[in-house]
Amino acid sequence: MTRLRLSMPGLDLKNPIMPASGCFGFGKEFSEFYDLSELGAVIIKAATGETRYGNPTPRVAETSAGMLNAIGLQNPGVDRIISEELPYLSEYNAPVIANVAGSTVEEYVEVAEKISRDHTINALELNISCPNVKEGGVQFGTDAALAAEVTRQVKQASEVPVYVKLSPNVTDIVGMAKAVEKAGADGLSMINTLAGMRLDLHRRKPIIANQTGGLSGPAIKPIAIRMIYQVYQEVDIPIIGMGGIETVEDIIEFLLAGASAVAVGSANFKNPFICKELIDQLPEAMERYGFDQVEEMIGGAHR
Amino acid sequence: MMIREEMEIIFHERIAEDTYRMTLQGDLPAEIRQPGQFVHILIDQSDSLRRPISIADADTAKQTLTILYKILGRGTAALSKKQSGDHLDVLGPGGNGFPIDSITAERALLVGGGIGVPPLYYLAKQLKEKGIEVTTVLGFQHEASVFFEEEFRELGEVFVTTNDGSYGNKGFVTEILPALEGRFDTYFSCGPAVMLKAVSEKLDGYEGYLSIEERLGCGVGACFACVVQAPEGDSKGYRKICHDGPVFRTGEVIL
(Lines of atoms letter the chains of each structure in order from A; the text may use other names.)
(Lines give C-alpha, C1' and ligand atoms only; values in the text may rest on other atoms or scores of the structure.)
Protein backbone atom coordinates (compact mmCIF):
# COMPACT_ATOMS: atom_id res chain seq x y z
CA MET A 1 0.00 0.00 0.00
CA THR A 2 2.57 2.55 -1.14
CA ARG A 3 -0.04 5.27 -1.69
CA LEU A 4 -0.30 5.74 2.07
CA ARG A 5 3.45 6.08 2.61
CA LEU A 6 5.15 9.28 3.63
CA SER A 7 8.32 10.52 5.27
CA MET A 8 8.75 13.04 8.06
CA PRO A 9 11.92 13.85 10.02
CA GLY A 10 12.99 10.61 11.70
CA LEU A 11 9.83 8.85 10.62
CA ASP A 12 9.29 6.56 7.67
CA LEU A 13 5.53 6.04 7.90
CA LYS A 14 3.67 3.28 6.06
CA ASN A 15 0.50 5.29 6.64
CA PRO A 16 -0.24 8.66 8.28
CA ILE A 17 -2.22 7.28 11.25
CA MET A 18 -0.94 6.85 14.80
CA PRO A 19 -2.46 6.73 18.27
CA ALA A 20 -2.00 9.93 20.31
CA SER A 21 0.08 10.12 23.46
CA GLY A 22 -1.77 9.23 26.66
CA CYS A 23 -4.57 7.42 24.87
CA PHE A 24 -2.66 4.24 24.11
CA GLY A 25 -0.45 3.61 27.15
CA PHE A 26 2.73 1.94 25.91
CA GLY A 27 0.80 -0.14 23.39
CA LYS A 28 0.63 -3.47 25.20
CA GLU A 29 -3.10 -3.36 25.97
CA PHE A 30 -4.02 -2.54 22.36
CA SER A 31 -1.79 -5.29 20.97
CA GLU A 32 -4.53 -7.67 22.13
CA PHE A 33 -6.90 -6.07 19.63
CA TYR A 34 -4.69 -5.85 16.52
CA ASP A 35 -1.11 -6.05 15.29
CA LEU A 36 0.64 -2.80 16.26
CA SER A 37 2.86 -3.13 13.17
CA GLU A 38 -0.16 -1.96 11.14
CA LEU A 39 0.13 1.52 12.68
CA GLY A 40 1.89 4.41 10.97
CA ALA A 41 3.65 5.02 14.29
CA VAL A 42 2.94 4.87 18.01
CA ILE A 43 3.17 7.89 20.31
CA ILE A 44 3.70 6.56 23.80
CA LYS A 45 2.52 7.99 27.10
CA ALA A 46 4.49 10.90 28.54
CA ALA A 47 7.77 10.16 30.30
CA THR A 48 9.08 12.28 33.19
CA GLY A 49 12.37 12.07 35.10
CA GLU A 50 10.92 10.27 38.11
CA THR A 51 7.87 8.07 38.76
CA ARG A 52 4.68 10.15 38.92
CA TYR A 53 1.45 9.00 40.49
CA GLY A 54 -0.69 11.68 38.86
CA ASN A 55 -3.88 13.32 40.07
CA PRO A 56 -6.60 12.04 42.42
CA THR A 57 -9.69 10.40 40.84
CA PRO A 58 -12.15 11.04 39.25
CA ARG A 59 -9.85 11.83 36.36
CA VAL A 60 -12.33 11.73 33.47
CA ALA A 61 -15.78 13.09 32.65
CA GLU A 62 -17.85 12.96 29.51
CA THR A 63 -18.94 16.24 27.89
CA SER A 64 -21.00 17.14 24.84
CA ALA A 65 -19.09 15.68 21.91
CA GLY A 66 -16.00 15.10 23.97
CA MET A 67 -14.45 14.36 27.31
CA LEU A 68 -12.34 15.94 30.01
CA ASN A 69 -9.32 14.21 31.46
CA ALA A 70 -6.84 15.13 34.17
CA ILE A 71 -4.57 12.12 34.54
CA GLY A 72 -1.61 14.25 35.59
CA LEU A 73 1.20 12.58 33.63
CA GLN A 74 1.15 9.37 35.63
CA ASN A 75 4.09 7.27 34.46
CA PRO A 76 6.79 5.01 35.90
CA GLY A 77 9.61 7.44 35.06
CA VAL A 78 11.94 7.45 32.08
CA ASP A 79 14.32 4.75 33.35
CA ARG A 80 11.57 2.19 33.90
CA ILE A 81 9.88 3.11 30.63
CA ILE A 82 13.15 2.30 28.87
CA SER A 83 13.73 -0.94 30.75
CA GLU A 84 10.14 -2.21 31.13
CA GLU A 85 8.01 -0.77 28.33
CA LEU A 86 10.17 -0.16 25.26
CA PRO A 87 11.44 -3.76 24.79
CA TYR A 88 7.87 -4.88 24.14
CA LEU A 89 7.24 -2.15 21.56
CA SER A 90 10.54 -2.88 19.79
CA GLU A 91 9.07 -6.23 18.68
CA TYR A 92 6.69 -4.38 16.36
CA ASN A 93 7.47 -2.82 13.04
CA ALA A 94 6.16 0.70 13.69
CA PRO A 95 8.19 3.82 14.50
CA VAL A 96 7.87 4.95 18.12
CA ILE A 97 7.60 8.59 19.20
CA ALA A 98 8.36 9.25 22.86
CA ASN A 99 6.39 12.01 24.58
CA VAL A 100 8.75 13.93 26.86
CA ALA A 101 7.49 15.95 29.85
CA GLY A 102 8.98 17.66 32.89
CA SER A 103 8.63 20.34 35.54
CA THR A 104 11.89 22.11 34.72
CA VAL A 105 14.02 22.56 31.62
CA GLU A 106 16.62 20.28 33.28
CA GLU A 107 14.06 17.50 33.64
CA TYR A 108 12.98 17.79 29.99
CA VAL A 109 16.63 17.61 28.96
CA GLU A 110 17.35 14.60 31.19
CA VAL A 111 14.37 12.65 29.84
CA ALA A 112 15.13 13.59 26.23
CA GLU A 113 18.78 12.61 26.59
CA LYS A 114 17.96 9.20 28.04
CA ILE A 115 15.00 8.15 25.94
CA SER A 116 16.29 9.43 22.59
CA ARG A 117 19.28 7.10 22.95
CA ASP A 118 17.08 4.01 23.08
CA HIS A 119 17.12 2.34 19.66
CA THR A 120 13.32 1.87 19.77
CA ILE A 121 12.69 5.61 19.69
CA ASN A 122 12.53 7.35 16.29
CA ALA A 123 11.46 10.83 17.40
CA LEU A 124 10.44 12.86 20.44
CA GLU A 125 7.21 14.72 21.03
CA LEU A 126 8.07 17.56 23.39
CA ASN A 127 5.09 17.97 25.69
CA ILE A 128 4.93 21.63 26.65
CA SER A 129 1.16 21.60 26.66
CA CYS A 130 -0.22 19.29 29.37
CA PRO A 131 -2.94 21.34 31.10
CA ASN A 132 -3.20 18.99 34.08
CA VAL A 133 -0.03 19.45 36.08
CA LYS A 134 0.76 22.32 38.41
CA GLU A 135 4.38 22.76 37.41
CA GLY A 136 5.84 22.56 33.97
CA GLY A 137 3.64 21.37 31.15
CA VAL A 138 1.50 24.15 29.86
CA GLN A 139 3.48 27.02 31.41
CA PHE A 140 6.19 26.27 28.84
CA GLY A 141 3.56 26.01 26.15
CA THR A 142 1.91 29.37 26.70
CA ASP A 143 5.02 31.56 26.80
CA ALA A 144 6.89 31.80 23.48
CA ALA A 145 10.26 32.57 25.08
CA LEU A 146 10.05 29.62 27.50
CA ALA A 147 8.84 27.33 24.72
CA ALA A 148 11.78 28.33 22.54
CA GLU A 149 14.23 27.82 25.39
CA VAL A 150 13.08 24.31 26.29
CA THR A 151 12.94 23.40 22.59
CA ARG A 152 16.51 24.62 22.04
CA GLN A 153 17.89 22.66 24.97
CA VAL A 154 15.96 19.47 24.26
CA LYS A 155 16.98 19.66 20.62
CA GLN A 156 20.63 19.83 21.70
CA ALA A 157 20.22 16.86 24.04
CA SER A 158 18.22 14.65 21.68
CA GLU A 159 19.64 12.06 19.32
CA VAL A 160 16.42 12.02 17.27
CA PRO A 161 14.17 14.67 15.67
CA VAL A 162 11.96 16.68 18.01
CA TYR A 163 8.28 17.47 17.39
CA VAL A 164 6.95 20.15 19.72
CA LYS A 165 3.39 19.55 20.92
CA LEU A 166 1.60 22.88 21.01
CA SER A 167 -1.11 23.98 23.40
CA PRO A 168 -4.31 25.51 22.01
CA ASN A 169 -4.68 27.49 25.25
CA VAL A 170 -2.95 30.53 23.74
CA THR A 171 -4.07 33.66 21.89
CA ASP A 172 -1.38 33.48 19.22
CA ILE A 173 -0.78 29.92 18.01
CA VAL A 174 1.22 31.09 15.00
CA GLY A 175 3.60 33.01 17.28
CA MET A 176 4.18 29.88 19.37
CA ALA A 177 4.76 27.74 16.29
CA LYS A 178 7.25 30.20 14.81
CA ALA A 179 9.10 30.51 18.11
CA VAL A 180 9.72 26.78 18.43
CA GLU A 181 10.54 26.44 14.73
CA LYS A 182 13.20 29.10 15.14
CA ALA A 183 14.51 27.28 18.22
CA GLY A 184 15.16 24.20 16.11
CA ALA A 185 12.01 22.08 16.25
CA ASP A 186 11.94 19.47 13.48
CA GLY A 187 8.15 19.35 13.48
CA LEU A 188 5.00 20.29 15.35
CA SER A 189 2.29 18.25 16.89
CA MET A 190 -1.02 19.99 17.47
CA ILE A 191 -3.25 20.35 19.27
CA ASN A 192 -3.15 19.25 22.88
CA THR A 193 -6.36 19.48 24.91
CA LEU A 194 -8.17 22.68 25.89
CA ALA A 195 -8.56 23.44 29.59
CA GLY A 196 -12.17 22.86 30.63
CA MET A 197 -14.43 22.10 33.57
CA ARG A 198 -17.69 20.33 34.39
CA LEU A 199 -19.67 20.68 37.62
CA ASP A 200 -21.66 18.05 39.50
CA LEU A 201 -25.03 19.66 40.24
CA HIS A 202 -25.72 17.57 43.34
CA ARG A 203 -22.37 18.20 44.99
CA ARG A 204 -22.05 21.68 43.44
CA LYS A 205 -18.38 20.98 42.80
CA PRO A 206 -16.19 20.11 39.79
CA ILE A 207 -16.60 16.46 38.71
CA ILE A 208 -12.87 16.06 38.08
CA ALA A 209 -10.84 15.93 41.29
CA ASN A 210 -8.20 18.19 39.74
CA GLN A 211 -11.08 20.63 39.09
CA THR A 212 -10.00 21.40 35.52
CA GLY A 213 -9.31 18.85 32.83
CA GLY A 214 -8.22 18.78 29.21
CA LEU A 215 -11.07 18.75 26.70
CA SER A 216 -10.65 16.36 23.79
CA GLY A 217 -12.89 14.70 21.24
CA PRO A 218 -14.93 15.95 18.27
CA ALA A 219 -15.80 19.14 20.18
CA ILE A 220 -12.27 20.48 19.64
CA LYS A 221 -11.80 19.40 16.02
CA PRO A 222 -12.73 22.75 14.42
CA ILE A 223 -10.23 24.49 16.71
CA ALA A 224 -7.50 22.04 15.69
CA ILE A 225 -8.31 22.46 12.00
CA ARG A 226 -8.27 26.25 12.30
CA MET A 227 -4.95 26.29 14.16
CA ILE A 228 -3.25 23.84 11.79
CA TYR A 229 -4.56 25.83 8.81
CA GLN A 230 -3.09 29.05 10.22
CA VAL A 231 0.23 27.54 11.31
CA TYR A 232 0.80 25.64 8.05
CA GLN A 233 0.89 28.94 6.16
CA GLU A 234 3.58 30.37 8.43
CA VAL A 235 6.06 27.56 9.11
CA ASP A 236 8.21 25.23 7.02
CA ILE A 237 8.25 22.23 9.37
CA PRO A 238 5.74 19.36 9.15
CA ILE A 239 2.76 18.98 11.45
CA ILE A 240 1.27 15.91 13.12
CA GLY A 241 -2.39 16.86 13.52
CA MET A 242 -4.75 15.75 16.26
CA GLY A 243 -7.93 16.77 18.03
CA GLY A 244 -11.18 14.84 17.82
CA ILE A 245 -10.42 12.55 14.90
CA GLU A 246 -13.00 9.77 14.59
CA THR A 247 -13.42 9.15 10.84
CA VAL A 248 -11.38 8.98 7.63
CA GLU A 249 -13.10 12.19 6.50
CA ASP A 250 -11.67 13.86 9.63
CA ILE A 251 -8.20 12.64 8.62
CA ILE A 252 -8.53 14.07 5.12
CA GLU A 253 -9.69 17.38 6.62
CA PHE A 254 -6.60 17.52 8.88
CA LEU A 255 -4.30 16.77 5.94
CA LEU A 256 -5.95 19.37 3.72
CA ALA A 257 -5.53 21.92 6.50
CA GLY A 258 -1.82 21.21 6.56
CA ALA A 259 -1.04 18.18 8.70
CA SER A 260 1.32 15.57 7.22
CA ALA A 261 0.12 12.81 9.54
CA VAL A 262 -2.50 12.49 12.25
CA ALA A 263 -2.85 11.10 15.75
CA VAL A 264 -6.08 9.58 17.06
CA GLY A 265 -6.72 10.12 20.77
CA SER A 266 -9.97 9.81 22.69
CA ALA A 267 -11.60 7.76 19.94
CA ASN A 268 -9.45 4.81 21.09
CA PHE A 269 -11.58 4.75 24.27
CA LYS A 270 -14.81 4.43 22.34
CA ASN A 271 -13.46 1.88 19.94
CA PRO A 272 -10.13 0.17 20.67
CA PHE A 273 -9.94 -0.93 17.01
CA ILE A 274 -10.31 2.62 15.66
CA CYS A 275 -6.75 3.18 14.37
CA LYS A 276 -6.69 -0.07 12.44
CA GLU A 277 -10.17 0.55 11.03
CA LEU A 278 -9.20 4.04 9.85
CA ILE A 279 -6.04 2.71 8.19
CA ASP A 280 -8.12 0.10 6.34
CA GLN A 281 -10.73 2.67 5.28
CA LEU A 282 -8.36 5.45 4.16
CA PRO A 283 -7.54 4.30 0.59
CA GLU A 284 -11.21 4.11 -0.39
CA ALA A 285 -11.94 7.51 1.14
CA MET A 286 -8.96 9.00 -0.72
CA GLU A 287 -10.39 7.72 -3.95
CA ARG A 288 -13.76 9.23 -3.14
CA TYR A 289 -12.18 12.66 -2.83
CA GLY A 290 -9.89 12.25 -5.81
CA PHE A 291 -6.51 11.57 -4.21
CA ASP A 292 -4.04 8.94 -5.25
CA GLN A 293 -1.25 9.59 -2.74
CA VAL A 294 -1.35 10.82 0.86
CA GLU A 295 1.18 13.49 -0.01
CA GLU A 296 -1.27 15.11 -2.46
CA MET A 297 -3.62 15.85 0.42
CA ILE A 298 -1.12 17.62 2.68
CA GLY A 299 -1.90 21.33 2.71
CA GLY A 300 -4.39 20.82 -0.12
CA ALA A 301 -6.65 23.57 1.20
CA HIS A 302 -3.93 26.15 0.59
CA ARG A 303 -3.44 25.54 -3.12
CA MET B 1 -10.07 -12.25 25.66
CA MET B 2 -11.94 -8.97 25.29
CA ILE B 3 -14.04 -8.68 22.17
CA ARG B 4 -16.25 -5.97 20.73
CA GLU B 5 -19.59 -6.92 19.28
CA GLU B 6 -23.13 -5.78 18.63
CA MET B 7 -25.08 -7.79 21.23
CA GLU B 8 -28.82 -8.22 20.93
CA ILE B 9 -31.04 -7.22 23.83
CA ILE B 10 -33.33 -10.18 24.41
CA PHE B 11 -34.85 -9.12 27.74
CA HIS B 12 -35.19 -5.77 29.47
CA GLU B 13 -37.38 -4.83 32.43
CA ARG B 14 -37.50 -2.54 35.43
CA ILE B 15 -36.97 -4.50 38.65
CA ALA B 16 -36.86 -1.74 41.28
CA GLU B 17 -36.78 2.04 41.55
CA ASP B 18 -34.62 3.32 38.66
CA THR B 19 -33.12 -0.19 38.44
CA TYR B 20 -33.25 -2.40 35.35
CA ARG B 21 -32.36 -5.92 34.33
CA MET B 22 -31.15 -6.53 30.79
CA THR B 23 -30.13 -9.77 29.08
CA LEU B 24 -27.80 -9.60 26.09
CA GLN B 25 -26.99 -12.32 23.58
CA GLY B 26 -23.88 -12.85 21.49
CA ASP B 27 -20.40 -14.41 21.43
CA LEU B 28 -19.09 -12.39 24.34
CA PRO B 29 -20.42 -14.60 27.20
CA ALA B 30 -18.09 -17.40 26.07
CA GLU B 31 -15.14 -15.16 26.96
CA ILE B 32 -16.13 -14.61 30.60
CA ARG B 33 -13.51 -16.10 32.93
CA GLN B 34 -14.67 -15.04 36.36
CA PRO B 35 -17.63 -13.54 38.20
CA GLY B 36 -16.95 -9.85 38.86
CA GLN B 37 -15.83 -8.96 35.33
CA PHE B 38 -17.62 -6.15 33.52
CA VAL B 39 -18.85 -5.12 30.08
CA HIS B 40 -18.05 -1.68 28.67
CA ILE B 41 -21.08 -0.41 26.73
CA LEU B 42 -21.24 2.35 24.15
CA ILE B 43 -24.87 3.29 24.71
CA ASP B 44 -25.08 5.76 21.86
CA GLN B 45 -22.59 6.08 18.99
CA SER B 46 -22.37 9.82 19.69
CA ASP B 47 -21.22 9.27 23.29
CA SER B 48 -17.52 9.85 24.00
CA LEU B 49 -17.14 7.28 26.74
CA ARG B 50 -18.45 3.78 27.28
CA ARG B 51 -20.24 2.84 30.51
CA PRO B 52 -18.81 -0.02 32.59
CA ILE B 53 -21.47 -2.35 34.03
CA SER B 54 -20.83 -5.51 36.05
CA ILE B 55 -21.90 -8.86 34.71
CA ALA B 56 -24.65 -10.09 37.07
CA ASP B 57 -25.17 -13.48 35.47
CA ALA B 58 -24.21 -15.45 32.38
CA ASP B 59 -25.31 -18.57 30.56
CA THR B 60 -22.73 -19.78 28.09
CA ALA B 61 -25.06 -22.45 26.64
CA LYS B 62 -27.63 -19.79 25.74
CA GLN B 63 -24.86 -17.28 24.85
CA THR B 64 -26.38 -14.71 27.19
CA LEU B 65 -25.26 -12.41 29.96
CA THR B 66 -27.33 -10.32 32.33
CA ILE B 67 -26.61 -6.85 33.62
CA LEU B 68 -28.46 -4.95 36.34
CA TYR B 69 -28.03 -1.20 36.30
CA LYS B 70 -29.43 1.88 37.94
CA ILE B 71 -30.20 5.18 36.22
CA LEU B 72 -27.50 7.47 37.54
CA GLY B 73 -27.00 9.88 34.66
CA ARG B 74 -27.59 10.62 31.00
CA GLY B 75 -26.00 7.39 29.76
CA THR B 76 -27.92 4.96 31.94
CA ALA B 77 -31.14 6.94 31.32
CA ALA B 78 -30.63 6.40 27.58
CA LEU B 79 -29.85 2.72 28.20
CA SER B 80 -33.20 2.31 30.01
CA LYS B 81 -35.01 3.36 26.81
CA LYS B 82 -33.54 0.50 24.76
CA GLN B 83 -35.88 -2.34 23.84
CA SER B 84 -35.71 -6.06 23.22
CA GLY B 85 -34.46 -6.63 19.70
CA ASP B 86 -32.22 -3.53 19.80
CA HIS B 87 -28.47 -4.01 19.57
CA LEU B 88 -25.77 -2.60 21.84
CA ASP B 89 -22.07 -2.00 21.10
CA VAL B 90 -20.41 -4.01 23.87
CA LEU B 91 -16.71 -4.38 24.67
CA GLY B 92 -15.72 -7.06 27.15
CA PRO B 93 -15.47 -8.98 29.31
CA GLY B 94 -13.14 -6.59 31.09
CA GLY B 95 -10.85 -6.83 34.08
CA ASN B 96 -10.17 -9.44 36.69
CA GLY B 97 -13.07 -10.65 38.81
CA PHE B 98 -13.32 -12.83 41.91
CA PRO B 99 -10.69 -15.60 41.63
CA ILE B 100 -13.31 -18.34 41.76
CA ASP B 101 -10.92 -21.14 40.79
CA SER B 102 -8.47 -20.50 43.61
CA ILE B 103 -10.87 -19.61 46.42
CA THR B 104 -10.58 -22.09 49.27
CA ALA B 105 -13.46 -20.80 51.41
CA GLU B 106 -15.95 -23.14 53.07
CA ARG B 107 -18.39 -20.49 54.16
CA ALA B 108 -18.67 -17.24 52.28
CA LEU B 109 -20.20 -13.94 53.32
CA LEU B 110 -21.35 -11.63 50.51
CA VAL B 111 -21.93 -7.96 51.31
CA GLY B 112 -23.49 -5.83 48.61
CA GLY B 113 -24.59 -2.20 48.65
CA GLY B 114 -27.09 -0.78 46.16
CA ILE B 115 -25.99 -1.20 42.57
CA GLY B 116 -22.89 -3.03 43.90
CA VAL B 117 -25.12 -6.06 44.47
CA PRO B 118 -25.23 -7.44 40.86
CA PRO B 119 -21.74 -8.99 40.44
CA LEU B 120 -22.23 -10.82 43.75
CA TYR B 121 -25.13 -12.77 42.26
CA TYR B 122 -23.02 -14.46 39.57
CA LEU B 123 -20.39 -15.05 42.26
CA ALA B 124 -22.94 -16.56 44.67
CA LYS B 125 -24.12 -19.01 42.03
CA GLN B 126 -20.59 -20.17 41.35
CA LEU B 127 -19.68 -20.42 45.04
CA LYS B 128 -22.77 -22.56 45.60
CA GLU B 129 -21.78 -24.80 42.68
CA LYS B 130 -18.42 -25.33 44.36
CA GLY B 131 -20.23 -26.47 47.51
CA ILE B 132 -19.42 -23.31 49.44
CA GLU B 133 -22.06 -22.10 51.88
CA VAL B 134 -23.26 -18.58 51.04
CA THR B 135 -24.70 -15.95 53.39
CA THR B 136 -25.65 -12.61 51.87
CA VAL B 137 -26.15 -9.13 53.28
CA LEU B 138 -27.80 -6.68 50.91
CA GLY B 139 -28.03 -2.97 51.69
CA PHE B 140 -30.38 -0.54 49.95
CA GLN B 141 -31.61 3.04 50.43
CA HIS B 142 -35.24 2.12 51.04
CA GLU B 143 -37.90 -0.48 50.25
CA ALA B 144 -38.47 0.66 46.66
CA SER B 145 -34.82 0.15 45.76
CA VAL B 146 -34.59 -3.46 46.98
CA PHE B 147 -33.91 -6.07 44.28
CA PHE B 148 -32.73 -9.68 43.92
CA GLU B 149 -33.53 -10.66 47.51
CA GLU B 150 -35.41 -13.77 46.32
CA GLU B 151 -32.70 -14.73 43.83
CA PHE B 152 -30.06 -14.68 46.57
CA ARG B 153 -32.38 -16.53 48.98
CA GLU B 154 -32.36 -19.50 46.61
CA LEU B 155 -28.61 -19.73 47.21
CA GLY B 156 -28.46 -19.24 50.97
CA GLU B 157 -29.51 -17.10 53.90
CA VAL B 158 -30.14 -13.41 53.14
CA PHE B 159 -30.26 -10.31 55.36
CA VAL B 160 -31.56 -7.07 53.92
CA THR B 161 -30.92 -3.63 55.38
CA THR B 162 -32.37 -0.29 54.33
CA ASN B 163 -31.00 3.08 55.37
CA ASP B 164 -34.42 4.29 56.53
CA GLY B 165 -35.71 0.98 57.90
CA SER B 166 -38.59 0.86 55.41
CA TYR B 167 -37.67 -2.78 54.69
CA GLY B 168 -35.59 -5.37 56.56
CA ASN B 169 -33.17 -4.13 59.19
CA LYS B 170 -32.77 -0.39 59.61
CA GLY B 171 -29.25 0.96 59.06
CA PHE B 172 -26.14 0.13 57.08
CA VAL B 173 -24.85 -3.32 56.12
CA THR B 174 -22.02 -2.98 58.63
CA GLU B 175 -24.49 -3.02 61.54
CA ILE B 176 -25.47 -6.62 60.75
CA LEU B 177 -21.93 -7.94 60.47
CA PRO B 178 -21.17 -8.46 64.21
CA ALA B 179 -24.13 -10.85 64.48
CA LEU B 180 -22.67 -12.97 61.69
CA GLU B 181 -19.27 -13.53 63.33
CA GLY B 182 -18.29 -17.18 63.16
CA ARG B 183 -20.59 -17.96 60.25
CA PHE B 184 -18.07 -17.36 57.49
CA ASP B 185 -14.34 -17.59 56.77
CA THR B 186 -14.08 -15.43 53.63
CA TYR B 187 -16.01 -12.37 52.53
CA PHE B 188 -16.75 -10.72 49.19
CA SER B 189 -18.06 -7.19 48.89
CA CYS B 190 -19.13 -4.70 46.25
CA GLY B 191 -20.61 -1.26 46.71
CA PRO B 192 -19.72 2.39 47.15
CA ALA B 193 -16.18 3.16 48.37
CA VAL B 194 -17.35 4.32 51.81
CA MET B 195 -19.18 1.04 52.32
CA LEU B 196 -16.21 -1.07 51.18
CA LYS B 197 -13.96 0.81 53.58
CA ALA B 198 -16.36 0.32 56.50
CA VAL B 199 -16.88 -3.37 55.68
CA SER B 200 -13.16 -4.09 55.36
CA GLU B 201 -12.48 -2.35 58.67
CA LYS B 202 -15.26 -4.28 60.44
CA LEU B 203 -14.04 -7.58 58.96
CA ASP B 204 -10.35 -6.95 59.47
CA GLY B 205 -8.51 -10.26 59.81
CA TYR B 206 -10.74 -12.22 57.43
CA GLU B 207 -9.73 -13.10 53.92
CA GLY B 208 -11.69 -10.69 51.76
CA TYR B 209 -12.22 -9.56 48.18
CA LEU B 210 -13.55 -6.14 47.23
CA SER B 211 -14.95 -4.95 43.92
CA ILE B 212 -14.35 -1.24 43.39
CA GLU B 213 -16.38 1.28 41.38
CA GLU B 214 -14.81 4.19 39.49
CA ARG B 215 -15.32 6.32 36.41
CA LEU B 216 -13.41 4.57 33.62
CA GLY B 217 -11.83 5.95 30.49
CA CYS B 218 -10.71 3.30 28.01
CA GLY B 219 -11.63 0.31 30.18
CA VAL B 220 -8.72 -1.69 28.77
CA GLY B 221 -5.87 -0.50 30.99
CA ALA B 222 -4.29 2.10 28.75
CA CYS B 223 -5.45 5.55 29.86
CA PHE B 224 -4.77 5.59 33.62
CA ALA B 225 -8.14 7.25 34.41
CA CYS B 226 -9.15 4.69 37.04
CA VAL B 227 -6.10 4.10 39.18
CA VAL B 228 -6.23 3.40 42.91
CA GLN B 229 -3.27 3.69 45.24
CA ALA B 230 -1.45 0.61 46.49
CA PRO B 231 0.03 0.48 50.00
CA GLU B 232 3.50 1.88 50.66
CA GLY B 233 6.26 -0.48 49.55
CA ASP B 234 4.32 -1.75 46.55
CA SER B 235 6.68 -1.73 43.55
CA LYS B 236 4.18 -0.10 41.18
CA GLY B 237 2.41 2.06 43.76
CA TYR B 238 -0.98 1.77 42.06
CA ARG B 239 -3.49 -0.57 40.48
CA LYS B 240 -5.69 0.06 37.46
CA ILE B 241 -9.27 -0.69 38.45
CA CYS B 242 -10.35 -1.64 34.92
CA HIS B 243 -7.41 -3.90 34.18
CA ASP B 244 -5.90 -5.19 37.44
CA GLY B 245 -9.31 -5.13 39.16
CA PRO B 246 -12.15 -4.29 39.59
CA VAL B 247 -11.80 -7.01 42.25
CA PHE B 248 -8.89 -6.77 44.68
CA ARG B 249 -7.87 -8.72 47.75
CA THR B 250 -8.22 -6.64 50.90
CA GLY B 251 -5.01 -4.74 51.57
CA GLU B 252 -3.95 -4.79 47.91
CA VAL B 253 -5.20 -1.22 47.43
CA ILE B 254 -5.89 1.77 49.67
CA LEU B 255 -9.61 2.53 49.89
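Every residue gets a Cβ built from N, Cα and C, even glycine.
A:CYS130 (active site, nucleophile) counts 26 other C-beta atoms within 10 Å of its own C-beta, drawing on all protein chains shown. The active site, nucleophile annotation in TrEMBL covers A:CYS130.
Annotation comment: TrEMBL describes A:SER21, A:LYS45, A:ALA46, A:ASN99, A:ASN127, A:LYS165, A:ILE191, A:GLY217, A:GLY243, A:GLY244, A:GLY265, A:SER266 as FMN binding site. Within the same chain, the residues at least 6 positions away from A:LYS45 (substrate binding site) whose Cβ sits under 8 Å from its Cβ are A:SER21, A:GLY22, A:PHE24, A:GLY25, A:PHE26, A:ASN75, A:ASN99, listed in sequence order.
A coil conformation is recorded for A:THR193 (substrate binding site) in the three-state DSSP classification, outside any helix or strand. For A:LYS45, A:ASN69, A:ALA70, A:ILE71, A:GLY72, A:LEU73, A:ASN127, A:ASN192, A:THR193, the entry in TrEMBL reads substrate binding site.
TrEMBL lists A:4-286 with the feature domain 'Dihydroorotate dehydrogenase catalytic'. Note on the domain 'Dihydroorotate dehydrogenase catalytic' (A:4-286): its mean pLDDT in the predicted model is 96.
The highest number of surrounding Cβ atoms within 10 Å, among the binding-site residues A:GLY72, A:GLY265, is found at A:GLY265. Cα-Cα distance from A:GLY72 (substrate binding site) to A:GLY243 (FMN binding site): 19 Å (rounded to the nearest whole number). Using a 10 angstroms CA-CA radius around A:CYS130 (active site, nucleophile), the binding-site residues that qualify from A:ALA70, A:THR193, A:GLY265 are A:ALA70, A:THR193. Within 10 Å of the C-beta atom of A:GLY243 (FMN binding site) sit 31 other C-beta atoms, taking all shown protein chains into account. The binding-site residues considered are A:ALA46, A:ALA70; of these, A:ALA46 has the fewest other C-beta atoms within 10 angstroms of its C-beta.
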